[in-house]
Amino acid sequence: MFPMVTEFMNYGQQTVRAARYIGQGFMITLSHANRLPVTIQYPYEKLITSERFRGRIHFEFDKCIACEVCVRVCPIDLPVVDWKLETDIRKKRLLNYSIDFGICIFCGNCVEYCPTNCLSMTEEYELSTYDRHELNYTQIALGRLPMSIIDDYTIRTILNLPEIKT
């Protein structure tokens, strides 16, 4: 008779445990019910990126001293720096600077270690093209400042999503 009672007690404990697990899952589901959807209508609405967002690299040709620190700290040796040594002034003169964003991993090492701060990260993240060769940006394309999302009048920006008050 006692084995039957212990089996009935185990069955009761398992039932209570299962009900508790179902209740925990249901509470998590209910906690998410008050939140607004995370998805946005992408081409027409854009989220404002954070200050530390690592987007396309901006390059200032006049500040660059062709020291090639960016190439040495890049984990994939990506920036291509062409320079010529000016013998009369004993300095390097930058001829060409390019970065292939099809290969870039956007780690930000080049920006962090640049001694003259000629490199910076922008908030531009729309770099998609139909041809991968168009992702190879020269100093002219790198020097172009992107239009700020905040200043774009055709797009509704989402600064802070309003919360539902209960």
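Numbers here mean position along the shown chain, with the first residue as 1.
Heads up, the Cβ atoms here are built off N, Cα and C, so glycines get one too.
Given the structure is predicted, the values throughout are model-derived calculations rather than measurements.
Long-range contacts of the domain '4Fe-4S ferredoxin-type 1' (55-84) within the same chain: residues 49, 91-101, 103-107, 109-125, 127, 137, 139, 142-143, 145-146, each at least 6 residues beyond the stretch ends and with a Cβ under 8 Å from a Cβ of the stretch. Here Swiss-Prot flags 55-84 as domain '4Fe-4S ferredoxin-type 1', drawing on sequence analysis.
For C64, C67, C70, C114, the entry in Swiss-Prot reads [4Fe-4S] cluster 1 binding site. Using a 10 Å Cβ-Cβ cutoff, C67 ([4Fe-4S] cluster 1 binding site) registers 17 neighbours.
As annotated by Swiss-Prot, [4Fe-4S] cluster 2 binding site applies to C74, C104, C107, C110. When secondary structure is read from DSSP and collapsed to three states, C74 ([4Fe-4S] cluster 2 binding site) falls in the coil class.
In the predicted structure, the domain '4Fe-4S ferredoxin-type 2' (95-124) carries a mean pLDDT of 95. Look at Swiss-Prot and you will find 95-124 tagged as domain '4Fe-4S ferredoxin-type 2'.
Within 8 Å of the centroid of the Cβ atoms of C74, C104, C107, C110, where the record puts [4Fe-4S] cluster 2, the same chain has further Cβ atoms from I57, C70, V73, P75, I76, L78, P79, I99, I105, F106, G108, N109. Sequence-distant neighbours of the domain '4Fe-4S ferredoxin-type 2' (95-124) (same chain, 6+ residues past either end, Cβ-Cβ under 8 Å): 49, 53-65, 67, 69-70, 73-76, 78-84, 132, 135-139, 142, 145-146, 148-149.
Ranking the binding-site residues C74, C104, C107, C110 by Cα distance from C64 ([4Fe-4S] cluster 1 binding site) puts C110 first. Report note: the [4Fe-4S] cluster 1 site is defined by C64, C67, C70, C114, and the residues of the same chain whose CB lies within 8 Å of the CB centroid of those residues, excluding them, are I65, A66, E68, V69, V81, C110, P115, T116, C118, L119. The shortest Cα-Cα distance from C114 ([4Fe-4S] cluster 1 binding site) to any of the binding-site residues (C74, C104, C107) is found for C74.
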